[in-house]
Amino acid sequence: QASRLVELPYSSFDDDEDDDMAEQDPGVWYPDPPKLSPFSHCVRYLAFLWNLLFLLLGLLTLAVGVWGLLAKSPLPGGVPLSSDPMLLFVLAGLGASAVSLAGCLGAFRASPCLLRFFLGAVLAFGGLEVLGGLLLLLARRRLRDALRDLLLLCLLRYQEDPDVQFLVDEVQRSLQCCGLESYRDWESNPYFNCSAPGVQACGVPASCCQDPLENGSVPNIQCGFGVLGLGAAAAGAVVHTGGCGAALGAWLRGQAGAIAAGATILLLLEAVGALMALRVLRDI
């Protein structure tokens, strides 16, 4: 009888009543989730600010790309949009903004879906970066050939695209070179060829000149006119006769350490963002 008295409060009849009460008031049987620790709150806020910073950088890159496209509209010489260099800024800005926005909203609203999308995108970008680095190491010879073809294409499109013109001028001016193999490569450009009808015929860009200012403060854009019609010695006294292919290759080899360090820092930044997103996702 004593055992029955002890078991009476836990009889099946009472369990049925308790189940009915649980259905009417689930909060009685399902307590509130545990409160987040101060460290978890700190990680959540830091993840939000981290992604907000990269969101602003992505929007800035996107704005630069859009501004570059609109500044050249309509594109000169019928250049297709797909070959415009500013399109790279637009695509990079869109990708960084979309991923960072997902990370921001995922951390702010504690959304597992957005956080999983952010993690997947970061892992995909990181994998592509590592794969690209390995391909560059394994195909250095093909990379040099591709770089050579790119420089030759830039020489041919020098007058057709202001971005290409700016890039070629900066390379020639900073590396003190002219053309791909030598200054004679500018003969392949239809505007600088000696048979061209314009005033630039048989000349080279002013960025090839050894002293483009000619002891003044304003660059002399005519300092390279007629150079292709001179002999090698006379041309060497006016312009840099060495090509930019070898000079650019030597510069890239010298900057290999800085490029590797930059790629490593980028991967570490992505890894930190992914770890913070994982912590927030686990807390959720």
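Each residue, glycine too, has its Cβ placed from N, Cα and C.
Here TrEMBL flags 1-25 as region 'Disordered'.
Summarising the annotation, TrEMBL assigns compositional bias 'Acidic residues' to 13-23.
Taken from TrEMBL, the feature transmembrane segment applies to 45-70 (among others).
TrEMBL lists 86-108 (among others) with the feature transmembrane segment.
Residues or ranges marked as transmembrane segment by TrEMBL: 114-138 (among others).
For Cys194 (disulfide bond), applying a Cβ distance below 8 Å and a minimum sequence separation of six or more within one chain yields Glu187, Ala201, Cys202, Leu228, Gly229. The disulfide bond annotation in TrEMBL covers Cys178-Cys194.
The transmembrane segment annotation in TrEMBL covers 227-252 (among others).
Within its own chain, the transmembrane segment (258-281) is flanked in space by residues 40, 43-44, 46-47, 50-51, 54, 103, 106-107, 110, 112, 115-116, 118-119, 122-123, 125-126, 129-130, 133, 252, which lie at least six positions past its ends and keep a Cβ under 8 Å from the stretch. Look at TrEMBL and you will find 258-281 (among others) tagged as transmembrane segment.
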Can you name the far-off residues of the same chain, 6+ from the ends of the transmembrane segment (45-70), with a Cβ under 8 Å from a Cβ of it? 81, 84, 86-101, 103-104, 107-108, 118, 163, 272-273, 276-277, 279-280
Same-chain residues six or more away whose CB lies under 8 A from the CB of Cys178 (disulfide bond)? Gln172, Trp186, Val204, Ser207, Cys208, Val239, His240, Thr241, Gly242, Gly243, Cys244
Chain residues outside the transmembrane segment (227-252) and at least six past its termini with a C-beta under 8 angstroms from it: 144, 147-148, 151, 171-172, 175-187, 192, 194, 202-204, 208-210, 259
Chain residues in Cβ proximity to the transmembrane segment (114-138) (below 8 Å; excluding those fewer than six residues from its ends, i.e. six or more beyond): 51, 95, 98-99, 102-103, 105-107, 263, 266-267, 270-271, 273-274, 277-278, 280-281, 284
